[in-house]
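Working notes, structure below.
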Amino acid sequence: MKYKRKLSLSVVFLFVFYLAAVTSDLESDRRALLAVRNSVRGRPLLWNMSASSPCNWHGVHCDAGRVTALRLPGSGLFGSLPIGGIGNLTQLKTLSLRFNSLSGPIPSDFSNLVLLRYLYLQGNAFSGEIPSLLFTLPSIIRINLGENKFSGRIPDNVNSATRLVTLYLERNQLSGPIPEITLPLQQFNVSSNQLNGSIPSSLSSWPRTAFEGNTLCGKPLDTCEAESPNGGDAGGPNTPPEKKDSDKLSAGAIVGIVIGCVVGLLLLLLILFCLCRKRKKEENVPSRNVEAPVAAATSSAAIPKETVVVVPPAKATGSESGAVNKDLTFFVKSFGEFDLDGLLKASAEVLGKGTVGSSYKASFEHGLVVAVKRLRDVVVPEKEFRERLHVLGSMSHANLVTLIAYYFSRDEKLLVFEYMSKGSLSAILHGNKGNGRTPLNWETRAGIALGAARAISYLHSRDGTTSHGNIKSSNILLSDSYEAKVSDYGLAPIISSTSAPNRIDGYRAPEITDARKISQKADVYSFGVLILELLTGKSPTHQQLNEEGVDLPRWVQSVTEQQTPSDVLDPELTRYQPEGNENIIRLLKIGMSCTAQFPDSRPSMAEVTRLIEEVSHSSGSPNPVSD
């Protein structure tokens, strides 16, 4: 009996001791978070200090009575992390402080985070050297320190992190060589630093974009100067001397050289004669200024602005039988009077190169400005081309870019549109990230989504088969007041399928096999991706879209299931948004519904437009830019 009583007392004692230990550990976590709060400022850190448990605080996640995750992305945090703060959260597995304004070094007591798996600190202003202790953490899987101010060398002990699959160090101030890294990494980027030297052979299989913006050499970049493609220096000091007999030329060799020179001279004269005849013919054709196509610019770089004057195109023919046609066919003349010669002589500026052709800004002397699209790979005959263009020219909507005129010949197909001064939504979302850039606020983004939805809904209302065919952010153009207008509508059927965009661009619906045959439900999918891009700030074509290599819709779905919808939003959007983002989440869910895997599960564009109108109206009237 006494034995049973002693056993019961022991069990009770152990249980009480366990509760006390758990309470003590949670209190230790609470003190650590308060230390962070005292050093770091930001809206989410207005935690309820009266609560005994930190597990209900914003961004804090607990498991078994301990803090296991701290997620405060894009929360406007600033200041430096203290010793005795995060480093004392010894059960922490996930730390996400990305896209804030935190500065200073990474605290040395991060070495205590032996269970840490995921470290996301990108998009801050952390400085100092990258501590080597990060690569001694036994559980670490992903490290993202991109877009900070880290300096010094990449630690030599990277290979100590045996479970590491992601290492992002781009856009810092790192210097020196890249150490040999033999880990089976799945994601890697050190671009836009001050690194130098040869790229280790273990990293040579990564794309150029992982290393650009440094002074590195070796695969996949240019060959290092010390390396010789032939394996040695030709004609170097170790080259054996030739025999003396080779210094003397035989009579046969001399005769061969003379004959070769004579033949070469005759060929040169023949070429000069042909060039002179061609030049005389071209002098009879009026000189024209024509823009030369340029390579497509990336979404993260500014498109170069330059005027290029080249040899005029071949003589324009108005039909495939060869009849001359120098006339533009106009749909709208309210933009101003001009003819083909005037258009080709106008001051031209390269805007970019897309999937259907190159675009230029044409400025006339009298002040008129238009946009010209030079189509490429047109595969339909003239009659079908003209019929198609007349259908497009008859369309009129406030959110469609106006098709002013077109020109058709065997060698040239030109479309003339109204010019949109603010450029494309893609350039604004993913272009210059400098201090002078003004980000789009919520009201403006909602207005852009609504304008684009109305335009596409109008296209679909023409009949049951009319679709846009190429919806993406670079085809959403903006006016001075940030009014959205949709461009490149209805052109997919007349362009070669090899030129039409494919699924790699991130907007294409999964059921599409022929890029020239896009259904209205496929348009809805592409528009859904556009909404997600507008709210997350992530390009669907970005290589580092997320850390699993999935497309944008699946990434949004995955994050919202594991965390909260707010975790996927563009930090530039949440930073300037007042408390409460219910309408943002509503629009995000509309975008997700549009990207349903099966076409029948997607709403119609009319329904999408109605839903966005409700969101927009409950948000108030749009303002163009953030305060």
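Every residue, even glycine, has its Cβ placed from backbone N, Cα and C.
The following features are taken from Swiss-Prot:
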- 345-620: domain 'Protein kinase' (DOMAIN)
- Ser347: phosphoserine (MOD_RES)
- Ser424: phosphoserine (MOD_RES)
- Thr444: phosphothreonine (MOD_RES)
- Ser519: phosphoserine (MOD_RES)
- Thr595: phosphothreonine (MOD_RES)
- Ser621: phosphoserine (MOD_RES)
- Ser626: phosphoserine (MOD_RES)
- 91-112: repeat 'LRR 1' (REPEAT)
- 185-206: repeat 'LRR 5' (REPEAT)
- 1-23: signal peptide (SIGNAL)
- 253-273: transmembrane segment (TRANSMEM)
- 389-409: transmembrane segment (TRANSMEM)
Summary of DSSP states over the repeat 'LRR 1' (91-112), given as helix, strand and coil counts: 5 helix, 7 strand, 10 coil
Residue from Ser347, Ser519, Thr595 whose C-alpha is spatially nearest that of Thr444 (phosphothreonine), among the modified residues: Thr595
Packing count at Ser519 (phosphoserine) (other Cβ atoms within 10 Å of its Cβ): 16
Residue among modified residues Ser347, Ser424, Thr444, Thr595 with least C-beta crowding, 10 angstrom cut-off: Ser347
Nearest-integer angstrom distance between the alpha carbons (Cα) of Ser347 (phosphoserine) and Thr595 (phosphothreonine): 42
Counts by DSSP class (helix H/G/I, strand E/B, coil) across the repeat 'LRR 5' (185-206): 3 helix, 8 strand, 11 coil
Assigned element (helix, strand, coil) containing Thr595 (phosphothreonine), judged by DSSP: coil
